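Encoded as structure tokens, the structure appears first; notes follow it.
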Amino acid sequence: MAASAKVSVGSHVWVEDPEEAWIDGEVEDANSDEITVNCSGKTVVAKVNAVYPKDPEFPELGVDDMTKLAYLHEPGLLLNLKCRYDANEIYTYTGNILIAVNPFKRLPHLYGIDTMKQYKGTPFGELSPHPFAVADSAYRKMINEGVSQAILVSGESGAGKTESTKMLMRFLAYMGGRAESEGRSVEQQVLEETERYKLGKPSTFRYLNQSNCYALDGLDDSKEYLATRKAMDVVGIGSEDQDAIFRVVAAILHLGNIEFAKGEESEAAEPKDEKSLFHLKTAAELFMCDEKALEDSLCKRVMVTRDESITKSLDPDSAALGRDALAKIVYSKLFDCSVVGYLIIINSLFSFSPEICSFEQFCINLTNEKLQQHFNQHVFKMEQEEYTKEEIDWSYIEFIDNQDILDLIEKKPGGIIALLDEACMFPRSTHDTFAQKLYQTFKDHKRFSKPKLAQTDFTICHYAGDVTYQTELFLDKNKDYVVGEHQALLSSSDCSFVSSLFPPLPEESSKTSKFSSIGSQFKHQLQSLLESLSTTEPHYIRCVKPNNLLKPEIFENINILQQLRCGGVMEAIRISCAGYPTRKPFNEFLTRFKILAPETTNRSNDEVDACKKLLAKVDLKGFQIGKTKVFLRAGQMAELDAHRAEVLGRSARIIQRKVLSYQSRKKFLLLQAASTDIQALCRGQVARVSFEKMRIEVACLRIQNQARTYICQKSYKSLCSSACSVQTGMRAKAARVELQFRKKRRAAIIIQASLSSHDD
């Protein structure tokens, strides 16, 4: 299923991983044979043909129908289921197949009356995936078209088969319009039923206490019991038959509590104590048969010879085996009667087990192979209907079949079951001789092999993988000796329902049949079931257990992938991939791929013509154009996506170039403007600093001038004052001298005058 399209560097792919099954990554290097993928820091080298393409446009919450996926492959399915599981969307369609992932927690919003009202009468596929949608579709077709319907619910233990079946029964009860019981509480009704059948706690019954699990959190057994009774009303089981069914189930539980011990006077088995006698009596009352006859049928055997009949007492161990054999055959016949014969059949089946197994799992796996063939035929039929509806040529598509495995197991003569029956007929046969017969008969069969280290095991290559079987108990478990005492006892029951489970055997058959093959009986019952299914329109619900811890919010990829393979989902995908796994409506196809040929799609308003021109331009071969969709072969979607990625890559590079150019120019202009601003600021700052410097210099000069002027003025004034003082002193001195001179001159004159006068 791996894509063979060209893988280019930069594309996203899925590669296998031993821990996570599949991991996604980006291709870093690629050549013709190998690619190198970077998976979140982890480098993986893988073969080109061993990887799957990843859808780059995968929706965040996934899709509700996996046929809508662009890539229909294992990792795509796992991713889609995980996305929906994380969003509490536990139901997903694959065509008309419903996949239910057990959430291991209550989701009340999914199962209320309002939800049932929404799905009632709504066409299938219009609302979100749900068991109610499957049940409504089956119910409507049964009522409107008169066609018998079958709903097959499958999955391994813990996958939620029982809960899914309950949801179906609840919806059918709702559609039937049956009212709830009124006037009594749930506890009162269940208590009355318990007292009627003389039941007690589950832990007190041997057939129920082996697992030590008696209750589930959040589950009310009383309400579940009443819901089951109501559902039985809906499917047409009358109240008398319901009472008989539960009485038989109660009788089986009491049978399991009968213990045996050796008698006081002989080695013959007898009820061990009063407790065992109580359960024996209660079982007889519920079977409506004679208590002593029931005890004799458990503790004694009648050996019929040619001349007489001999009664043989059994030892306690043989009596216990006979007790379990009686419980087993009663429950088997009760199951057959309860399941087969109603208009809507709901089969809750065990999933295919790939572990080392014994005879029981061999029969279960045969059932799974048969149902897988039926499932494959149904899927192929649905494919054919889709192709016919879209007027697609599908005549060359081969049907994938597992008939060779079925022939290996059940072909008569020469199949494994036939050889097992043959071995059981011979007293000296052992599991070793049986194994050697198988090795000799099927040594060249491609589906059969012998494990290397095993002496008596054998391996069958089933559709979901190899399974190894241990033959040690095959012969013992295949032998179903008819116990005449059990047959005679229950066929004579006063309860018509019980006696109808054990109709009298033909006299010739009772004389000739000492041994009856469980395998042959199982094969015939299985064939009868398939014949019944072939007259119905099937609906499939595949239940999946997300983890082995049975805890919510844990999604184990490898575990789920194995269940999808065992449940046939991957086989259905293979059938789809054999034809046209990718189907895209015209508008979606053009929306996704018109970039490959925009000139052709823009000129045409006709979607069909545009799709043809687009596909012709990319030179794609093998596709087909339907009435509403484009049908592509496996790998072609990846090829188109590769072309699309190449075109987008070129466009991205052009856009990158333009964007980088724009960003560079914008950055340059910003830098230029910034540098201009910086220059202006710097120049302004320099000018301001220079101006300030000049201003300071001028101020300094002015200060110097003023200071010097002041100093000069002060010096001048001081000098002038000094000069004036000196001049004043000198003038005063000169004046005094002049005065003295004048005084002396006057005196002299006076003297001279006096003298002159005197002389005269």
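Backbone N, Cα and C define each Cβ position, glycine as well.
Between the listed ranges 20-42, 526-548, 595-617, TrEMBL ties the annotation region 'Actin-binding' to 526-548. Comparing the binding-site residues Gly155, Gly158, Gly160 by how many other C-beta atoms lie within 10 angstroms of each C-beta, the top residue is Gly155.
Long-range contacts of the region 'Actin-binding' (526-548) within the same chain, counting only residues at least 6 positions beyond its ends with a Cβ under 8 Å from a Cβ of the stretch, are 81, 85, 96-104, 131, 134, 137-138, 141, 147-161, 164, 168, 340, 345, 347, 366-367, 370-371, 374-375, 378, 554-556, 559-560, 563-564, 567-569. Using a 10 Å radius centred on the Cβ of Glu156 (ATP binding site) and all shown protein chains, the other Cβ atoms total 19.
With a 10 A radius on its CB, Ser157 (ATP binding site) counts 10 other CB atoms from all the protein chains. On the 0 to 100 pLDDT scale, the model's mean across the domain 'Myosin N-terminal SH3-like' (8-56) is 88.
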